[in-house]
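This report refers to the structure that appears directly beneath it.
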Amino acid sequence: MTEYLIRRLLQSVLVLFLITILTFALIHAAPGGPTQIFLAPGLSPEAGKVQAHNLGLDQPVYVQYGKWIGGLLKGDLGHTFKNNIPVGDILWPRIKNTVVLMAAAWLLSLIIAIPWGIYNSTREYGISDHASNFVSYLGFAMPTFWFGILLQQWFALKWDLLPLSDMYDMDKQGDFGNLMLHLVLPVTVLSLGFLAGYVKYSRSSMLEVLGQDYIRTARAKGLKEGKVVFRHALRNALIPIITILGLDLPILVGGATLTESVFNWPGMGRLFVEMANAREYSVLMSITLVVSVIVILGNLLADILYAVVDPRVQYGRGGGSA
Amino acid sequence: MVRKKKWVSSFTVFALAAVLIAGCSSSNKSSESSSPSASATPSATTSASPSDSPSASPSGQPKDGGTLTISTFTDMVSVNPIFINDTASGDLDALIFAKLYDLDRNANLAAEPWSIAAELPQVAADNMTYSIKLKQNAKWSDGQPITANDVKFTFDTIRNPDVGSPAISTLDKIDSITVKDDYTLDIKLKQVYAPFPYSLFISIVPAHVLKDIPPKELKNSKFGVDPAQTVSSGPWKWSEWTQGQHFTIEKNPNYWGEKKPHIDKIIYKIYADQNTEVQALMKGDVQMTEAIPLTQIEAVKKQDGLNVILAPGPQYEYVQFNFKDENFPDKYSPFKGQKTRQAIAYALNRQGMVDNVLKGSGGLMNSPFLPGSWADPGDKAVNYNYDSEKAKQLLAEDGWKPGKDGILVKDGHRFSFELQYNSGNSRREQVSQIIQQNLKDVGIEATPKGMDFATWIDQNITPGKFPAILLGWSLTNPDPDAESIFSSKYFPPAGQNSGWYVNKELDDLWVKGQQTVDKTERAKIYQEIGEKISIDLPYVFLYQYGLPQAVNSSKVKWAEDDRPESSLAYGYLFHAINWWVE
């Protein structure tokens with residue numbers, strides 16, 4: 001296992017390096033640059049050339065990449081072109097804000113979805129099962145921004161029960177209770193989206209396991225249904241769910257652009273769009289890097305949890321995946 | 001191996017999404033601030049505008065204290081006046097920096113109680129030397145006096161090519177600046193340049209803070225991005241910036257002006273988009289919104305206490321033709337005939353656009369000068385009324401004949417072109433469709449194409465490579481001089497005549513306009529330009545438009561003399577020093 005982990009981590013570093021090269025090339029291949037945004041028509045083109053030169057944007061892409069990666073190795077993510085603000089100063093608060101929002105929604109939906117799915121698997125086509133189907137369809141079909149606006153109309157504008165948008169009231173920055181109030185609506189919207197998938201996954205995964213021979217054997221032995229479900233079936237049913245969770249991990253950092261926009265949540269999703277429009281190469285590179293790292297770690301974590309949950313899974317030299 | 005593929009594909013999707021987003025979106029910000037202009041058009045008189053501006057509160061007396069929250073949908077970039085080039089930063093600049101001179105409501109240069117200059121400049125008989133006297137009590141927010149050295153430093157820095165200031169073109173006619181004493185200086189020009197007084201409508205930066213920074217490094221300095229290091233000079237000082245969320249200003253304790261601001265604190269809250277802004281306005285989270293979408297005007301008006309100021313502002317929209325053959329797929333510009341261009345002007349239902357799309361926030365434009373300004377040619381400019389029959393007749397006179405598919409043909413070339421505009425701007429999207437329909441009615445095929453702003457500027461506008469575009473100019477400077485847009489001296493990539501328009505007579509008139517200082521004489525020249533340009537039509541001028549400003553008038557108050565002035569750049573903050581909040 002240790003050897004496996006080391007191998008995986010080394011591979012990851014190599015892959016991350018390749019990702020940065022690819023992303024850098026792709027971002028620079030997009031037409032228009034930071035100075036175009038800075039200049040806009042009507043302003044002297046010379047000023048743009050001078051700025052491009054002062055910022056090093058007139059150098060070949062590989063030189064710019066070399067500078068960027070050199071900075072990265074020293075822990076410097078670079079600066080914005082527009083106003084020379086360190087990328088980290090922009091990035092970390094946004095990541096934090098997104099994690100607060102997404103983790104709340106994710107955990108809430110897990111807490112509801114997994115038990116609900118399990119319950120539904122034992123009572124197929126019951127009322128609860130139909131209800132969860134309805135919620136799933138709603139979650140999948142309803143555009144989140146539209147649902148968000150609906151909630152805002154009722155709970156914030158019409159009844160004035162909850163804040164309309166933002167993370168905090170202007171005069172209550174950092175206040176935990178205030179944050180909780182602001183979380184209610186966006187978390188509701190986002191968890192509905194997550195919930196829709198997780199209920200389905202856990203139900204079907206559980207059903208599959210419950211249909212297997214060893215469960216039948218267990219039942220035939222006369223074990224109580226609760227014991228069959230929780231002791232014998234659950235562990236195996238969790239494996240595919242863990243995979244999904246691992247793969248969803250990047251969403252926690254990447255943010256949900258539309259929901260963040262509707263609720264004016266200062267997170268990563270919005271940042272990415274803003275920075276793409278502004279052609280802020282360093283910020284875009286850093287976001288890609290962070291998300292890539294999370295993707296890799298999420299996969300690794302899913303693999304490890306696999307082994308923990310299911311002892312049949314073994315990693316080692318020559319060992320395949322489950 | 002299964003899992004490796006998984007994350008490779010996850011990454012690929014992400015990377016592709018990144019490029020797609022980068023390649024095909026354009027923020028509202030770009031669309032609205034798409035065209036700051038080095039040109040100048042007077043927005044002079046407050047012309048009878050169809051505004052239902054919130055009335056002053058005659059009952060109320062100014063009150064000190066309180067907080068005003070304003071919403072915006074773009075974050076500021078840097079408030080360093082040398083580099084300001086976006087609306088949000090410009091707003092902040094207008095509140096925290098004192099300008100050398102200000103503008104009055106009629107867009108005349110004025111030495112206001114809050115201007116650094118003590119009186120209007122003295123102009124020498126040769127019209128090339130401007131003597132400027134400063135107030136002796138003006139101070140920076142760190143307590144240092146504001147002197148003639150600061151003014152000289154500001155001008156010299158902006159006109160230094162190594163700095164890369166976007167404002168360089170307003171000051172490059174300066175020959176030398178002489179500081180005579182701490183509060184007096186002379187500016188000598190290289191040539192007579194009538195628009196120069198408006199170059200003095202400028203924020204001054206503190207030499208004692210910036211003088212030791214090498215010019216090339218100025219843009220990277222913390223001045224302008226770090227509130228603690230941004231020494232300013234206006235009624236308020238910058239106290240806080242949380243990127244992407246809000247920036248806040250507070251009363252400047254060292255403010256030197258005789259008139260002090262009433263409002264203690266102004267917060268700019270940054271919203272993700274304009275619809276979210278309007279919601280916040282309705283909820284009462286903000287008291288003022290600088291621009292609300294046209295589609296939301298009615299909803300906002302219905303709400304108690306909210307008012308909408310609907311006056312046309314200092315910006316206009318146009319269709320620009322390209323005269324260079326090689327920019328067309330068949331190497332033939334169909335726009336070369338004057339009658340053809342006039343036909344297009346007749347074919348477009350401009351009044352319909354004003355009525356249906358702008359919903360009262362605009363008015364027709366027939367020349368590059370704002371209606372009602374001193375350079376406005378008025379009735380002398382041709383007003384092309386919507387008349388498709390006349391259009392068809394003119395097209396026929398110019399040699400266009402209907403082809404097999406109904407589209408006009410001349411010398412084997414179909415009259416078909418791409419009309420480019422920046423995507424994400426709903427007004428332009430709507431207007432481009434109207435243009436498409438109107439032109440189809442007279443046998444011209446126009447294909448609207450929305451493009452990402454940065455890409456568009458880079459690949460089409462700057463190099464002058466496009467068939468036709470739908471774009472606007474924001475007139476940040478009230479002078480009517482627009483030589484750099486229309487003269488054949490300014491072809492791409494060095495200039496802004498991106499349609500490769502040539503008219504020698506007009507070329508000369510623009511220069512004559514710059515070199516005539518007498519305002520009455522100058523007005524005659526611009527009226528002549530307006531008349532000629534409305535006949536020759538390098539652009540079809542569509543309309544002047546405004547950004548509807550919404551105000552919670554039960555909370556934000558001003559006397560009638562201090563009401564916002566939409567026709568000025570940043571005019572929605574006009575005389576904010578005298579406003580108060582209830």
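FYI, residue positions are counted from 1 along the chain as it appears here.
Cβ atoms here come from the backbone N, Cα and C positions, even for glycine.
Feature annotation from TrEMBL assigns domain 'ABC transmembrane type-1' to A:95-302.
What TrEMBL records for A:99-119 (among others) is transmembrane segment.
Counting same-chain residues at least six beyond the ends of the transmembrane segment (A:131-156), those with a Cβ under 8 angstroms from any Cβ of the stretch are 116-117, 120, 162-165, 184-186, 188-190, 192-197, 199-200, 203, 256, 258-259, 261-263. Feature annotation from TrEMBL assigns transmembrane segment to A:131-156 (among others).
Annotation source TrEMBL lists transmembrane segment at A:176-199 (among others).
Remote same-chain partners of the transmembrane segment (A:237-263), defined as residues 6 or more beyond its termini with a Cβ less than 8 Å from a stretch Cβ, comprise 95, 98-99, 101-103, 106, 110, 114, 118, 143-145, 148-149, 152, 165-166, 182, 185-186, 189-190, 193-194, 197-198, 201-202, 205-206, 208-209, 269-273, 290-291, 294-295, 297-299, 301-303, 305-306, 309-310, 322. According to TrEMBL, the transmembrane segment annotation covers A:237-263 (among others).
Marked as transmembrane segment by TrEMBL: A:283-309 (among others).
At the 8 Å Cβ threshold, with sequence separation of at least 6, the transmembrane segment (A:176-199) comes into contact with the transmembrane segment (A:99-119) through 3 or more pairs.
Residues 1, 5, 8-9, 12, 15-16, 19-20, 23-24, 27, 68, 72, 77-78, 80, 87-88, 90-91, 95, 235, 238-239, 242-243, 245-250, 252-254, 268, 271-272, 275-276, 315, 321-322 of the same chain lie 6 or more positions beyond the ends of the transmembrane segment (A:283-309) yet place their CB under 8 Å from a CB of it.
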